[in-house]
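Here TrEMBL flags Glu3, Leu11, Val45, Trp298 as FAD binding site. As annotated by TrEMBL, NADP(+) binding site applies to His114, Gly115, Asn116, Val117, Arg153, Arg154, Glu165, Gly305.
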Amino acid sequence: MFEKWPTPFGLVRFGVAPDHPEVKAVTSDFHKVAENIKFYGNTEVGRDVSLDALRDAYDGVVIACGASVERKLRIPGENLEGVFHARKFVGWYNGEPLQNVEMPQNPDVVIIGHGNVALDCARVLKTDLSNTDASRSAVPKLGTANRVSVVGRRGATQAAFTIKELREIAPITGLDRSEFGDTEASLRELEISKPKKRKRELLESLQGSEIRLRFLLKPVEFRGKGRVESVLFEKCELEGEPGRQIAVGAGTFEEIPANLVLCAIGYLSNVPGFGIVPRLDHVGGRVVGHPRLYCAGWCKRGPSGIVGTNVADAKETVASILEDLEGGGNDTTPAKFIQLPASSTTWDDWLRIDRHERDLGSEIGAPRVKLVDISDMLRVARHT
Ligand SMILES: Cc1cc2nc3c(=O)[nH]c(=O)nc-3n(C[C@H](O)[C@H](O)[C@H](O)COP(=O)(O)OP(=O)(O)OC[C@H]3O[C@@H](n4cnc5c(N)ncnc54)[C@H](O)[C@@H]3O)c2cc1C
Ligand SMILES: NC(=O)c1ccc[n+]([C@@H]2O[C@H](COP(=O)([O-])OP(=O)(O)OC[C@H]3O[C@@H](n4cnc5c(N)ncnc54)[C@H](OP(=O)(O)O)[C@@H]3O)[C@@H](O)[C@H]2O)c1
């Protein structure tokens, strides 16, 4: 396994929210897997070792690089200070190297998107995370937000967030039923989907004053001089068949003040050898047109699904590999053929970083204090 960071676990370390330790606990399963594989950390495919070199050395190569590129809205003002993609914000509070977000004092926040990433961001903006593994530079800032509005372009029935995550942001406020987008098609969608009906019942039962959920508003411009001051939205109506309704601008507008904006509108994949793509073209995990090259996870399916979704996905890919290898692979030691940088880390290096982070955490009552600087990680890793 070749991993660009010195540490393993991808979005389980750098995406899953710090107040979801039960999800992060899946790393203990990964520790068991690691006993049977070789781990080369701090080794980016495409930078430190080429995909072609890997394909020459191994019988099969699986690309499982996730989706770490920010999707853009491509509207005016997107480059204003204070406008971030959720990827950067999430990476920052989770201690991903090289991510930094300057947060204003008690910010007024607009979050664009109605997926679970948007709700994660809203929740951590209103939650004290000092007893978690959140980055120590983020902890004093999190939980301090003033107003938080989570704004989606479609209606309540079409919102991508799930029931558990919706419950976690309660109490919410300012629900306006006229904004739910209850077209005949939406009512039909509710009627035929039990989870959507349950989600609606929950939504209607939530009361309070913390987080505002807004619907039927699509962003058209970020406004401000240097720093963002507001977001201009066009009000929308829903059009289309049940399950395929789209938000269509209605020609009226609303401006919501904000000095911090998080765009939680999805991701693209940066795949070595393929560039930036929504996902890889594959059949059963076999990358089309590239024999013995496979894919799994978000770069295979696109940026959707929880950790568990990747299990069935990986099984399909592994079945394809086993089928293709029926004649048997060769048993050469690949490392013989691959020139690795001196700064590559091993699994034992990770175990030293892990122990060090846990020790730091135990001093302050947190599960761990993450090292954020790669040079610090390498120092701890090499201190045998
Ligand atoms: C903010 C957020 C919160 C989430 N919360 C939850 C949750 O609470 N519960 C849940 O079940 N699911 C959650 N998910 C979904 C879950 O994280 C994903 O389903 C899962 O991580 C996808 O796995 P993956 O292996 O495809 O990608 P990733 O987890 O992103 O792993 C890809 C790995 O490839 C590495 N990599 C990328 N490019 C290269 C390269 N060129 N060379 C070497 N290495 C490379 C990356 O560093 C990374 O370690 C969340 C997702 C996000 C974005
Ligand atoms: N706790 C958890 O289990 C957890 C936490 C975080 C993430 N995840 C999972 O990770 C995956 C990714 O989550 P996500 O939130 O990034 O993606 P998502 O669920 O696909 O949500 C993306 C949101 O962005 C909106 N959007 C996209 N393009 C837009 C545009 N141009 N303008 C305005 N809005 C736009 C979408 O609206 P439309 O629907 O109108 O396109 C949707 O509301 C999901 O499967 C999620 O469940 C799980």
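One is the number of the first residue shown, and numbering goes on along the chain from there.
The backbone N, Cα and C atoms fix where each Cβ goes, and this holds for glycine too.
Positions of TrEMBL features highlighted on the structure.
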residue	record	contacts (Cβ under 8 Å, 6+ apart)
Glu3	FAD binding site	Gly10, Phe39, Tyr40, Gly41, Asn42, Thr43
Leu11	FAD binding site	Gly66
Val45	FAD binding site	Phe2, Lys4, Leu51, Leu54, Cys65, Pro272
His114	NADP(+) binding site	Val150, Val151, Gly152, Arg154, Gln158, Ala159, Ala160, Phe161, Leu213, Phe215
Gly115	NADP(+) binding site	Ala160, Phe161, Ala264, Gly266
Val117	NADP(+) binding site	Ala86, Val90, Ala264
Arg153	NADP(+) binding site	Leu216, Leu217, Lys218, Pro219, Cys236, Ala247
Trp298	FAD binding site	Gly66, Ala67, Tyr267, Ser269, Arg279, Ser304, Gly305
Close in space, distant in sequence - Asn116 (NADP(+) binding site), Cβ under 8 Å, 6 or more apart: Ala160, Phe161, Thr162, Glu165
Entries of Leu11, Val45, Gly115, Val117 (binding-site residues) sitting next to ligand 1, with Cβ under 6 Å as the cut-off: Leu11, Val45, Val117
Largest CA-to-CA spread of NADP(+) binders His114, Gly115, Asn116, Val117, Arg153, Arg154, Glu165, Gly305, angstrom: 21
Of Glu3, Val45, Trp298, binding-site residues neighbouring ligand 2, Cβ under 6 A: none
Surrounding CB atoms that lie within 10 Å of the CB of Glu165 (NADP(+) binding site), all protein chains: 19
For Val45 (FAD binding site): DSSP state (helix, strand, coil): strand
Where the record names Glu3, Leu11, Val45, Trp298 as binding FAD, the maximum Cα to Cα distance in Å: 18
DSSP-derived class (H/G/I helix, E/B strand, else coil) of Gly115 (NADP(+) binding site): coil
Collapsed DSSP category at Trp298 (FAD binding site): helix
